[in-house]
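See structure below.
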């Protein structure tokens with residue numbers, strides 16, 4: 001390798017290297033290579049028994065090679081004469097091509113006269129190789145001459161940047177900036193052309209990133225230098241100018257290295273390659289676990305697989321221990337890590353049992369499937385953990401900046417330094433979360449863009465802080481304010497680029513699932529803050545809810561831009577509009593009313609139910625958006641947590657599910673009920689459908705509340721479960737087999753009803769509102785009545801009689817009475833739960849819970865237990881295909897970074 005330092009230009013070129021680094025050289029060389037190869041391969045089958053003679057085809061091919069060589073010589077002469085750089089080398093290369101062309105012409109002619117001669121063929125092959133080498137060297141030299149021209153322009157820009165930085169007065173600064181702008185534009189055009197021709201993707205990305213930094217920072221350097229000249233006593237301006245100058249120097253080096261296709265010294269350029277580390281490790285592990293039993297060796301494979309897995313688990317543990325990871329998510333990650341460990345041991349045991357066999361046994365295949373399922377489950381938990389971080393960190397990203405600027409405008413340098421630390425921590429958190437998202441992503445191009453964006457954000461952070469410090473030193477200076485506004489705009493733009501890049505490598509399904517959970521957490525916090533009269537906590541948490549909702553709307557709307565307009569996009573956008581135009585304004589109104597009521601002295605009364613309903617609608621709105629987005633997903637695309645198989649029979653979410661027994665007449669009462677005639681089954685089904693409506697109301701009511709610390713909800717769920725099992729019995733299903741089982745179940749319901757009655761009466765006795773108290777007592781009386789009815793109806797007599805050779809099943813009337821009694825009881829339980837909540841809230845408002853010695857009844861909101869978000873399509877139903885728009889964005893990984901345009905004026 002030789003380095004030419006003509007005019008201080010660092011030009012690296014190895015004269016012996018024939019490495020082709022650009023697409024242009026390949027395109028120019030390809031026709032000659034094809035012609036020479038065709039000629040060399042003529043009659044390549046060896047000596048022939050046919051009569052020797054002249055080969056017309058070989059002569060034609062030789063002539064075409066000669067003509068192509070002449071064309072290269074003509075162009076080479078022209079390039080050598082016009083080139084300002086490497087003139088001597090180009091002339092020598094042209095002469096070498098001419099010499100090798102003459103040798104090739106002679107060798108090709110001799111071969112064409114005697115194509116069966118192996119000696120003449122060998123001579124021609126050697127001549128062809130020499131000719132191709134000479135032509136390649138000529139093209140590479142011409143290419144390097146273009147590079148040299150670019151480097152000369154780069155040197156002009158580099159010198160101009162230095163002059164701009166060192167300008168002694170504002171007049172000189174203006175002159176230098178005016179002279180530099182067209183030179184930067186000229187360089188950008190040349191670099192863009194070179195970027196398109198580079199073969200290596202990494203070098204293209206490096207060039208694009210460097211161009212983006214150059215275009216963006218030259219105007220900022222002008223502003224920073226101007227501020228230095230006007231306020232030489234403010235150290236922050238000088239620090240900012242030097243930081244920007246350093247970035248520009250790095251950009252110049254990046255363009256130089258990329259143009260010459262040489263390795264970069266900047267480590268940050270190397271980290272962009274490839275997908276995430278954890279994702280790669282998991283993918284590689286999944287490949288490594290599939291081994292031919294014949295070649296399996298425990299000594300070789302066990303240590304290797306265990307070591308790989310422990311490395312993966314170490315990475316997962318780091319993510320689990322991160323500050324933003326929720327406790328429940330941490331526990332799930334730990335559980336999945338243990339499950340993966342166990343699955344690997346089971347798999348290795350199966351491999352040991354299959355060692356030496358030609359084919360894998362079913363047990364081994366099952367162990368492999370289990371292993372891949374466990375790694376898939378671990379992946380899912382890691383993705384959700386990442387989304388926890390993204391959802392929390394990329395929320396209200398401009399708040400730390402606005403607080404910092406406000407302190408700077410007030411001229412309070414002490415506060416600025418304090419808020420600068422908060423801002424720095426916020427920036428570091430964004431970068432950390434972005435890198436976490438990269439670690440679990442398989443999107444190589446997306447990961448590259450995220451890392452480059454994060455790197456630029458990291459470089460921008462100290463510049464923003466310096467701008468704030470400078471403004472704090474001179475708060476009345478118009479230039480200081482303009483300088484701050486410039487950096488504020490740059491920061492917000494870079495955060496948007498990073499946010500979009502992170503969104504691109506994360507799943508919208510994961511984002512919506514996590515956002516739904518976080519909204520629920522915040523809604524509960526809001527309700528608690530309201531009940532505890534915590535005005536600041538209420539206002540802060542409500543702000544987080546608004547921010548999360550706005551982020552969901554933005555992400556989903558952006559995602560819909562990738563689809564052709566249709567029914568799917570209409571449904572999704574309709575759900576987002578409902579949330580943004582109706583639900584959120586109502587929620588904001590309720591929050592403002594609550595804050596105003598609690599802030600007044602004395603505190604004004606507040607309708608908690610209205611507030612809870614408004615909060616609940618926000619959660620429901622987010623959930624509806626998620627359902628709409630998942631509408632086109634196939635079951636295979638959905639996680640287990642997103643999709644549950646919907647059985648033909650509607651069953652309770654709290655009931656125990658059992659497989660149907662073999663239904664043999666006379667074996668059990670349940671089996672007999674299953675043999676009812678279709679007409680009677682239809683009657684029972686009609687009653688069951690009516691019961692299901694009441695059950696769904698109870699499900700909806702109890703699903704609102706967290707049952708930990710709420711005995712009423714626990715009892716309601718228990719009663720619902722038992723009643724569902726009793727109705728299942730009437731259809732020949734469920735865990736209850738005989739009449740005695742049904743009677744026992746009825747007794748359990750009566751016991752639960754008695755406990756609910758006792759608890760409800762305790763609440764009623766302490767309720768200050770007489771109307772609420774009377775309502776609750778009335779519903780409790782209904783529970784006692786319907787429990788008694790259910791106890792009577794539980795003695796279902798199911799018999800099979802043989803009349804005239806036909807089996808006749810009795811017991812339909814008893815079954816229908818049982819279902820009706822269960823339906824009535826279900827309705828009474830629903831009303832009791834509602835009345836208990838209302839009575840509890842009335843009491844809390846009046847006296848406060850602490851002074852009452854009651855069983856723990858905590859009315860805390862809870863997410864509904866999971867329902868199927870998407871119904872399976874029937875096989876015979878036509879499914880509309882949702883096509884991605886033809887204009888779907890396929891953005892070059894660094895295109896966004898290279899599209900910064902220089903400001904026309906400052």
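These residue numbers are counts, starting from 1, taken along the chain as shown.
Cβ coordinates come from backbone N, Cα and C, glycine included.
Between the listed residues 99, 797, 866, Swiss-Prot assigns SUMO2 cross-link to 797, with no corresponding entry for the rest in that record. Between the listed residues 325, 654, 658, 730, Swiss-Prot assigns phosphothreonine to 658, with no corresponding entry for the rest in that record. In Swiss-Prot, the annotation SUMO2 cross-link falls on 57, out of 57, 695, 862, 889.
Looking up 297, 708, 770 in Swiss-Prot shows the phosphoserine annotation sitting on 297.
Swiss-Prot gives the label phosphoserine to one of 295, 323, 477, 600, namely 295. When 641, 696, 846 are compared with the annotations in Swiss-Prot, the one labelled phosphoserine turns out to be 641. Cα to Cα, residue 297 (phosphoserine) and residue 634 (phosphothreonine) are separated by 40 Å. This prediction places the mean pLDDT of the region 'Interaction with JUP and CTNNB1' (97-148) at 79. When the Cα atoms are compared, residue 634 (phosphothreonine) and residue 295 (phosphoserine) turn out to be 38 Å apart. Under the three-state DSSP scheme, residue 634 (phosphothreonine) falls in the coil class. A simple way to gauge crowding: the CB of residue 295 (phosphoserine) has 10 other CB atoms within 10 angstroms, across all the protein chains here. Taken through DSSP, the region 'Interaction with alpha-actinin' (325-394) splits into 60 helix, 0 strand, 10 coil.
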